[in-house]
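Some features that Swiss-Prot has for this protein:
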REGION    20-101  region 'Ubiquitin-like (UBL) domain'
REPEAT    128-167  repeat 'WD 1'
REPEAT    174-212  repeat 'WD 2'
REPEAT    223-262  repeat 'WD 3'
REPEAT    297-337  repeat 'WD 4'
REPEAT    339-378  repeat 'WD 5'
REPEAT    384-424  repeat 'WD 6'
REPEAT    452-488  repeat 'WD 7'
Amino acid sequence: MEDIQNSASNADLSAAQRQVRVQLTSKQEDIALPDGTGPILVPTGLRRYALSTLVNNLLSNDKPIPFEFLINGTFLRTSIDEYLTANGISAETTLEIEYVRALIPPLHIASFQHDDWVSSTDVLSATSPAATWASAAISPGQERILSGSYDGLLRVWNMSSQVVATSPPAADGGHAASIKAAKFVTPNQIVSAGLDRTVRLWKYSESEDGFSGTIAPHLELYGHKSGINSLAVHAPSHRLLSASSDHSVGFWSTKKSDAPAAPENLLPSAAARSSKRRKLNSSVSVAQRGPVALLSSHTAPVSAAIFDAKDSTVGYSTSWDHSLRTWDLVTATLVDTRTASHSLLSLEHLPELSLLAAGTSARHITLIDPRASATTISAMTLRGHTNAVVSLARDPHSTYGLISGSHDGTCRIWDIRATKADKDGVVGESVYTISRKGLEEQGKADSKRVGGEGVKVFSVCWDKTIGIVSAGEDKRIQINRGEGMLSA
């Protein structure tokens, strides 16, 4: 036993005595070393903490900054010596090491209480898509949060957790069933959809003091024959995508003049005639239109549909039928089908990496390269959740960052450079987990809820200004914020 301990300590000692030449670099200008800083000779026994101390000394920082280190695009999680050995790299080579700011934990900022489960959330801020597309100036303090609830109502909140506006009930032009998806199209327009099979566009306006507002019915879109699970918006082209349980993807125009007539058999008046029920929405008259196209190819409910982040004429959809499908939206034709091993429940595009992230019923996230030249279905798997992954959003600060919302009651932040080798290939690990604040308030923050009983997350949104906004079964919107958590 003593011999084993001696050999281990000798190995550590030899690693500490061995040296390697490293070139330290950073893509972030405010923490970069001066130009001309050459390679430095360091002991191969150094780990992250010692390297962080070294960089802070080189930068002459009065207040130390915690750093993370990347070699060949992967985070260093061992000593340099162990990394060299594991990767078959000679200590004679000059090792390029990139350093980035370490993760700042996302702190809880606020929670907004609702009367029922919250299925969907979106934001309006100076950095949100709805504002940037419209070139609208949203002043600090004037940010808004949109929520869609199982009670069939939309609510717009200010940052002081006050409800500024609520959508009308069904009798006055509102949804006749639970809302499953809601988004700002522009600062003055909202879109929502849900179990009543309709996509609804609303005009949003506020009083001058900003303390009250109205969400007024503007356009009703009919075409789906079953509930709608998610929505995507591309305001510059006035287009929407919807994912429905009727196995189809809806492609819609937000402009009345562009949209085809609504199918007569799907209008509320037809349903009222056939069942002799009182006509709903009788107190208001709202324009009704149909889809530009219904994309039918999936063989099970469609869970998500999104626009390509760089080309709005391309769409992607995921389904319970295990497939990811690529669509040409100009011709409304199917371009490509990728079949995974499990039902796909959520979808997000990482355009700079040419990857699509798909949340699965099998508790993981699959990163898929949709390009025709890709030879494998899954480029990487992100593991950590203990239940279905039903919502995804990309990090506005970093091309490598992603957040997921799961029925296990947590949101997880991922940096796809944080990986490890596994029997299944390259596997990503989450760098931070956000639990529901309500559990902490009840003194149950550490309770394991694999099924997410009472705290399932249904929706997550990540905004550069507001932070991480999540919503779920606990009837709350929760806001967490951590500035620039991952490097670009």
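Residue numbering: from 1, along the chain as shown.
Placed from the backbone N, Cα and C atoms, the Cβ positions cover glycine too.
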Mean per-residue pLDDT computed across the repeat 'WD 6' (384-424): 92
Top Cβ-contact partner of the repeat 'WD 7' (452-488) among 128-167, 223-262, 297-337, 384-424 (pairs under 8 Å): 384-424
Recorded stretch, among 128-167, 297-337, 384-424, maximising Cβ pairs under 8 Å relative to the repeat 'WD 3' (223-262): 297-337
